[in-house]
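Peer 1: Can you read through this structure? Questions will come right after.
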Amino acid sequence: MLKVTVQNAGLFVLLWLLLGDFVQGWFQYNVNTPQNRQSEKSASDNEEQSCFCQLTGVLDDCFCDVESIDVFNNFKVYPLIRKLTERDFFRVNLRRPCPFWVDDGHCSIKDCHVEPCPESKIPVGIKSGNYNKYSKALNAVEDITECEQIQNLGAINSTLSNQSKEAFADWARHDDAQDHFCELDDETAPESEYVDLMLNPERYTGYKGPSAWRVWNSIYEENCFKPRSVYRPLNPLAPSRGDDDGEAFYNWLEGLCLEKRVFYRLISGLHSSINLHLCAEYLLDEGWGKETWGPNMQEFRRRFDPAEAKGEGTRRLKNLYFLYLIELRALSKVAPYFDRAFVNLYTGSAQEDTATKELLLLLLNETKAFPMHFDEKSMFAGHKIEAKILKEEFRLHFKNISRIMDCVGCSKCRLWGKLQTQGLGTALKILFSEKEIKNLQENTPSKGFQLTRQEIVALLNGFGRLSTSIKELHNFRTLLEEHR
């Protein structure tokens, strides 16, 4: 009996030596695989969702959370603002020369820069009598042909319908009849250029490198109340700081007063929103003469993944949400201005005007219903004289940023950069005019507060871009989940 048992044991040992690796592997696969797979899945989830894993909860400097903004924007605001900005009222004229330097930037895509169309191609109604101020060279036939043949990513499509051309002349006459109390761009200047935004969507143009860096560097370094000795993380124009993770910068930022900290977050949020648009509308393919546009996951990760952006990605996206709250608050505060019956979004068509205003009031009522608005009363709430000085500094710094946007070398980038900057500037004007808005008369124009057509167009289009950014973040999250 013992002999048989020993023989059996020997046979078992021999079998284990021969088949042990296979048996052990099979055993581990069947017994431990669910746990292992779960571990591997978690690691994969963390890798794929790293762009969003920290983008949650309450935002700094306010009491609103990211999730509430997502739901409110994507289901209530975004559908309305998208319809509104497609109305005829929303055309822009945002062309002015750079006051600081001669741009020497070059896009990575050919023909990014575009010359204005010859005078013979510009409707007389838009120029309002300034059509004779152009040089004869611009009227040459070869220039006309060249203008008509421009087909590039960075170019501005200046095509306007006959109805739009007539409307511009009416808009100019209507605006001239209003009482304005802020500085306006000269829409009758020879360099003015009206644009249909529907024909010029904001998307990737290839504009990058030193020229683009110089614009943003000037904005951050010269206008965000920052000393030169404090370097922003990942600033390509700053001296090499080794493995600096930005701790010194954020220690400095946290030491600022609320107003100056808010100013930086607004600019960072604007920058993030613009970058997000470029990731969402990226040139994916140029094959066979047909361009294909869509979301670029690699580009999105490069700009916003904490690992790729050395921890900056989450901060950038949170600042985007913060900027959204600021402009959302401005829209809710300005609602009484548009509620008045005599305020008209004038286009020359009574039916169009009525439909546009109804849609605008519907949007404004939604913004008023949001329960977690930013409390602007916490800003400039100190000593009256100090608060007044700080507010003026705030205004002048932002005004300078709007002028720097004239220095963007790519026509389409400049168009959308200026539009969103002016939209934020208009939102700040609204937040700083609370008393004037409260004192508005129901049936008569108020000399204390007035919005021009340019400001209204910039305000709504600028907020529309932010709303689109929040929506695109949801789309990127969905793509990441599908990829996983």
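Cβ coordinates come from backbone N, Cα and C, glycine included.
Those TrEMBL annotations? Automatic predictions, nothing curated.
Checked TrEMBL, it gives:
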ACT_SITE  C410  active site, nucleophile
ACT_SITE  C413  active site
BINDING   R203, T205, W216, S268, H271, R303  FAD binding site
DISULFID  C107-C112  disulfide bond
DISULFID  C147-C182  disulfide bond
DISULFID  C410-C413  disulfide bond
SIGNAL    1-25  signal peptide
Peer 1: What whole-number Å value do you get for the CA-CA distance of the residue listed as 'active site' and T205 (FAD binding site)?
Peer 2: 8
Peer 1: Whole-number answer please: how many Å between the C-alpha atoms of C410 (active site, nucleophile) and W216 (FAD binding site)?
Peer 2: 14
Peer 1: Let me make sure I understand the span of the FAD site: among R203, T205, W216, S268, H271, R303, what is the greatest distance between any two Cα atoms, in Å?
Peer 2: 21
Peer 1: For S268 (FAD binding site), list the number of other Cβ atoms lying within 10 Å of its Cβ atom.
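Peer 2: The Cβ of S268 (FAD binding site) has 23 Cβ neighbours within 10 Å.
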